[in-house]
Structures are given as C-alpha cells and as structure tokens.
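**Q** Quick one: structure below, then a few questions.
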Amino acid sequence: MTMLFVIFSGLTSMTSRLVNSMSKHMFTVASMLMAMPTLYDWEEIDVYYTSDGMADVLMLLTMYMLPLSMISNWNNMKSTLYFELVLNLGMMLLINFMCQDMTSFYMYFEASLAPLFMLMGLYGAANRDKAADYVLMYTLFSSLFMLLAMALYEVMLDNTDYQATSLLVLSLDLQCMLFLAMSMGIAVKTPLAPLHTWLPVVHSESPLAGSMLLAGMILKLAVFAMIRLILPTLSDASVTYTPFVYVMCVMTMMYTSIITLRQTDLKVIIAYSSISHMAVCMLGMLSNTMTGITGSLVLCIAHGFVSPGLFMMVGGMLYDRYHNRLMYYFQGLISYMPYLSVYFMMLSFCNMGTPLSINFIGEMLSLTGAINRAPVLGAMAALSVLLSACYQMKLTNRLTGGIKTPYMSLTSDCTYRETVLMITLIVPTMFLGFFPSWVMDFLWDAPNLLYMFMVYRTFIKMSIPWL
C-alpha cells in the first residue's frame, strides 16, 4: 500500500505544478501519509492505522476518483482553493479507511464534512447555502448518537480499538441500545428513508467534484461503518433489528425509484438512483451471509464508478454546453453528439444492473443474500431492478432518442479530455464485470473475517449460558 501513497504524493505534486500558486503544504501533508499505515502503535494517544482488503479497495477507488473529479471541472474552476478542498477531502477519506479504532474513525468521519461544506458553500449553485446547511445539520446531528455509543465503549472497555471491541461480549439489551445509536448516523449517511431528504438537495446544488466524491466515496462510509462498528461487536442486535432495517431498505428502494420517475432535474434523478443502490448495499450487508456481504462491497465499488460518471455527464458535459439540467430540455443527442450518447447509454445500462457489468454482480449477490435472510422482503427488494430499469430507460430514451428540441443549439461532441474521462470510468466497470474475481479476491478478507467473528461470538455465548 505504500505505492498508493507514492502515487498520491505524485498526484499532489503534479497538481501543484499545473495549478498556479497551489499551496505547497499539500505536498508535505500528502507525503506524511506515506508512513501512516506503519504507525499502528501510538499507545500514548490510542490511535491505530492499518489496512485490509476492504480498506485497500476503497482507498484505491478514492485515489482513482480524486484526479478524475478535478480534471472533470478543469475548465470552470480556476480557484486554487477549489482544488485544495478536493484534495483535503480525499485525504480525510483515505485516513478514515485506515482507522482501526472508533475514536479516530469518528474524528475523520466528521472532519470530512468540513471540506465538503466549504465546497458547496463557496462553489455550489444558487441555493448552495441551503445545501451546505442540510449536509451539516443532518450528518452532524445524527453522528452525535454515534459519539455517545463510542463514549460508552470507552467507559466499559477503556479502549475503542476494533479488535478489542469485537471480542467484547455484551448483553442483548445493551447491544440494542448501542445498535440504535450507531445506526442513526449510518442511516443518515447511507441514506435510508425517511432520512434521505438531504441528499437530492445537496447533489443538485453541489459543484461537480463534490457530487462525484459524495456519490462515489462519501456514501461508502456508511457501509464501511456498518462492517467496522456494528456487525463484529453488535451481532445479536443486528440479527434482532434486521427485519426492521430490511423494511426501511425496501421502503427506500420502492419510494426513491417511483419518485425518480416524476423528477425532471438530471442531477436529482441520479441522486435518487444512488439512494436506491445504497439501500441494496445495506440489504446485502445485513444478510448475515458471506454472499450478501461480498455482494454489498462489490456493489459499492461498482456504484463508485458509475454514479460519478453519470454526474460528470449531466453536471459537467451537458451543463457546460447548455447551462440547463432539465430532462425535457434535451432530446435527440445521438444525432449530433454520438460519442456522448454512447457513453451515456453504456453508463445507464451499467447503472440498471445489466449483465456483464460489475453492477450486475453486486446486485445479484446482495439480493441473493437478502432473499436467503428474508425471502419475502428480499423478493420485494428484487423489484427494484425492474424499477431502476424503468426510470433509467426513460431518462436514456429522452436524452438520446428522437429529434432535437427547438431550444437546443448544435454543439461539439466530447472533447479529448472528456473522452479520456469517460473511458477511465467505463472500462473498469466492464472489465470487472467480465472478471469479478479480481475485486472479489481483494474483498474476500472482510466477509471471511467477519464471519469468523460471528461464529466465535456464537460459540462463546453457547459455552457461557448466563451471558
């Protein structure tokens, strides 16, 4: 993983040369991150950093999306502060994935809000103040419950290390209380209905890099927190509350998919589709099967490629040319923008889970695990595949089919920069769809280790009946 940070340092150095007067402290901070995976024994402050298969993949995805998010908006953003905020946000996410204790996880979980808040407040659309307030109030308030749960761990164990807390045997009542506190922050970050209302507003007003990183990486912190904070330690409570969470997930998938059919803003449509796909991830994560957990992580990776690509097209390429995001403004793009139309159709088919894409692998495994856990709710969740095909095909047919509307003027097709950006997102999605074992082998450590923890805790409870 040291090579990962070498690449990150090189990227920061390159950006400092391309962007005039880029602050050189960014290169220093990024270089210091190279040694962080080895600093696992800071006993004086109880902070631990390392990585495993799941963290490695999410960190690589973060590293992959950072330069794309900056280059996608290269022509519009001349401010040095804009690129510094994007790099700071990326560094916060990288450190968050390396944290091995709850305290440092919460610190960087909250610290990632600061650059995102500034990005939206300074470079967002007309209602950027409202969007910045939404993301701050929703996520900050919900995370306070997580902080209270972590404080209780500190009182009981005098330690918040993942390995130590995963071996702690708690009563069911205490587990349920901790589960409700932890899941409050995770449900807002995912987000699940009815706590999802902040995400469409934030996406519609956020700058392009903010939307790409929010959809591609920041939402993945919820799944990452679930597998780090809840499942190893609160396994009994997670089994107890799984039906309730499944009902929330199914309600989220149905509601967001149906309401997407009535939306006209292109960024809001993609934002609602992100909510639906993250609900599928939560279904697989709580399935208590290795199939579902693996599928949930694979779908997170797939969503990290496809959703930023769609945001790049509607919030970058089309908006730069027409300064409009209304769906009914566009029609017949395939007649004079064939390359952009082909790229959009490929990403749309991937987003609806078409076979031979990595999205199909993730959704199939997640729904398989959900059906094994709860057949009725899992079958209802499988209807989301049909609903996602409905709104995605409606959007694709409207933008690419027919003849152009009288409001549109003929513009140029994709530039070389935009073509390279699209290829860098489409090729991994299709390649991993043909060879999913490449990413599943990386991710195998996480569900396998989690399954071992669950078996071990079950054995302990059977051996000590009074616990």
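Positions of Cβ are set from backbone N, Cα and C atoms, glycine also.
Straight out of Swiss-Prot:
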type     : residues : note
TRANSMEM : 54-74    : transmembrane segment
TRANSMEM : 79-99    : transmembrane segment
TRANSMEM : 105-125  : transmembrane segment
TRANSMEM : 135-155  : transmembrane segment
TRANSMEM : 168-188  : transmembrane segment
TRANSMEM : 207-227  : transmembrane segment
TRANSMEM : 239-259  : transmembrane segment
TRANSMEM : 266-286  : transmembrane segment
TRANSMEM : 297-317  : transmembrane segment
TRANSMEM : 330-350  : transmembrane segment
TRANSMEM : 367-387  : transmembrane segment
TRANSMEM : 420-440  : transmembrane segment
**Q** Do at least three CB pairs under 8 A connect the transmembrane segment (207-227) and the transmembrane segment (297-317), leaving out pairs fewer than 6 apart in sequence?
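**A** Taking Cβ pairs at least 6 residues apart, the transmembrane segment (207-227) and the transmembrane segment (297-317) are in contact, with 3 or more under 8 Å.
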**Q** Looking at the stretches 54-74, 239-259, 330-350, 367-387, which one shares the most CB pairs under 8 Å with the transmembrane segment (420-440)?
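**A** Most Cβ pairs under 8 Å with the transmembrane segment (420-440) come from 330-350.
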**Q** Which residues of the chain, 6 or more past the ends of the transmembrane segment (330-350), have a CB below 8 A from one of its CBs?
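**A** Non-local partners: 302, 305-306, 309-310, 313, 317-318, 322, 324, 357-359, 392-393, 395-396, 398-405, 408, 410-411, 413-414, 418-419, 422, 425-426, 429-430, 433.
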**Q** Under a criterion of three or more Cβ pairs within a distance under 8 Å and sequence separation of at least 6, are the transmembrane segment (367-387) and the transmembrane segment (239-259) in contact?
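**A** When sequence-distant Cβ pairs are counted, the transmembrane segment (239-259) touches the transmembrane segment (367-387), since at least 3 lie under 8 Å.
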